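Okay, structure first, notes after.
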Amino acid sequence: MTVKTTVSTKDIDEAFLRLKDIVKETPLQLDHYLSQKYDCKVYLKREDLQWVRSFKLRGAYNAISVLSDEAKSKGITCASAGNHAQGVAYTAKKLNLNAVIFMPVTTPLQKVNQVKFFGNSNVEVVLTGDTFDHCLAEALTYTSEHQMNFIDPFNNVHTISGQGTLAKEMLEQAKSDNVNFDYLFAAIGGGGLISGISTYFKTYSPTTKIIGVEPSGASSMYESVVVNNQVVTLPNIDKFVDGASVARVGDITFEIAKENVDDYVQVDEGAVCSTILDMYSKQAIVAEPAGALSVSALENYKDHIKGKTVVCVISGGNNDINRMKEIEERSLLYEEMKHYFILNFPQRPGALREFVNDVLGPQDDITKFEYLKKSSQNTGTVIIGIQLKDHDDLIQLKQRVNHFDPSNIYINENKMLYSLLI
């Protein structure tokens, strides 16, 4: 049997009919804060408000619903960092199917619990592997051994068609408001979302520039399409943006993206964190890291989008509240507002007071202080974190630190030390 490897607008239209009573029609909102910030009209497609708080339900339900009754009776499997798993779990419960869901051991607990909640007794969750790609290998082996049906999170035409219904829905909403998009920004993980959206836009909104956004530590589509002109596997990835951290994109999504995507933007994970905090404080939007990617990319494109009409897909809102401290930390480091040093402190009374008086600026704050006292020596090693009010104060801070201890180590510039100590 020939496996279908292309997606058409007809496929997306058919998927739209399957999903119309299953998924929520999520809002397309004009965002006044971002519009003012970038001197353009910025619309947000709020898939973070979907039933499972991400767009993944669209692709999962469509891919499962087209299975034959015989195939459904054998059960389904999937591998996912979280959101696709929730879509599969929701569908399994809705259609009363048995599902075994494989998730990386690094998946935030909030996402694991949500999968169990949506799937209830229809779902078994297996945590395995440090990355999605390791998890995928385990899932495929299990699927083959148990003759079940693997629901691919992105490299499947039915999954892609389901994700493409987001574009059809969005364009219908825009048409009713007489809105035409000049730019569309959407996250890329494995490529299912950008493939589905771009397929529909290239036919029904061909003048819209499609911009794919990846975390800089996992830019597998950019490396495949732009750098190598073939699908490549990244040897190492930063897993922080867990919903978009994939070492290898799909063969199908690669071909579609290569044809349809106009440009790629890589966003630093720290910038994503700043966007998450900004969206929460300014717009009351709770976006997960992958969900904030599209908005993060606007800063890279600010000169191009001025005076234009832009839409950003907020792809998910499954953010674990326990990660907020790390998100704030990464944001402060990216904004050059928090700095860490290793210093030698004199082991005598008053040394800390001297440091505060001589080194700290009037608006600086100590956020971390660990003092290892060595009784046989005159000095002890101190790990100290300092938060600035203005990142422009860094040069003077470094000068004062160097005067206090010329042998100090600036941890921010040493990734290995930072990962070990902070």
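Glycine is no exception: its Cβ is also placed from the backbone N, Cα and C atoms.
Per Swiss-Prot, N6-(pyridoxal phosphate)lysine is recorded for Lys56, and the stated evidence type is similarity to another entry. Neighbour count (other Cβ atoms within 10 Å of the Cβ, all protein chains): 31 for Lys56 (N6-(pyridoxal phosphate)lysine).
The pyridoxal 5'-phosphate binding site annotation in Swiss-Prot covers Asn83, Gly189, Gly190, Gly191, Gly192, Leu193, Ser315. Gly189 (pyridoxal 5'-phosphate binding site) falls within neither a helix nor a strand when secondary structure is assigned with DSSP, and so counts as coil. A sphere of 10 angstroms centred on the C-beta of Gly189 (pyridoxal 5'-phosphate binding site) encloses 29 other C-beta atoms.
Under DSSP, residues within the domain 'ACT-like' (339-413) fall into helix, strand and coil as 25 helix, 27 strand, 23 coil. According to Swiss-Prot, the feature domain 'ACT-like' maps to 339-413, an assignment based on sequence analysis.
Here Lys56 (N6-(pyridoxal phosphate)lysine) is positioned 12 angstrom away from Gly191 (pyridoxal 5'-phosphate binding site), judged by their C-alpha atoms. Cα to Cα, Asn83 (pyridoxal 5'-phosphate binding site) and Lys56 (N6-(pyridoxal phosphate)lysine) are separated by 6 Å. With Asn83, Gly189, Gly190, Gly191, Gly192, Leu193, Ser315 listed as the residues that bind pyridoxal 5'-phosphate, the site has a largest C-alpha separation of 14 Å. Mapped onto three states, the DSSP output places Ser315 (pyridoxal 5'-phosphate binding site) in coil. Model confidence over the domain 'ACT-like' (339-413) stands at 90, taken as the mean pLDDT rounded to a whole number.
Ranked by how many other Cβ atoms sit within 10 Å of their Cβ, the binding-site residues Gly190, Gly191, Gly192 place Gly190 at the bottom.
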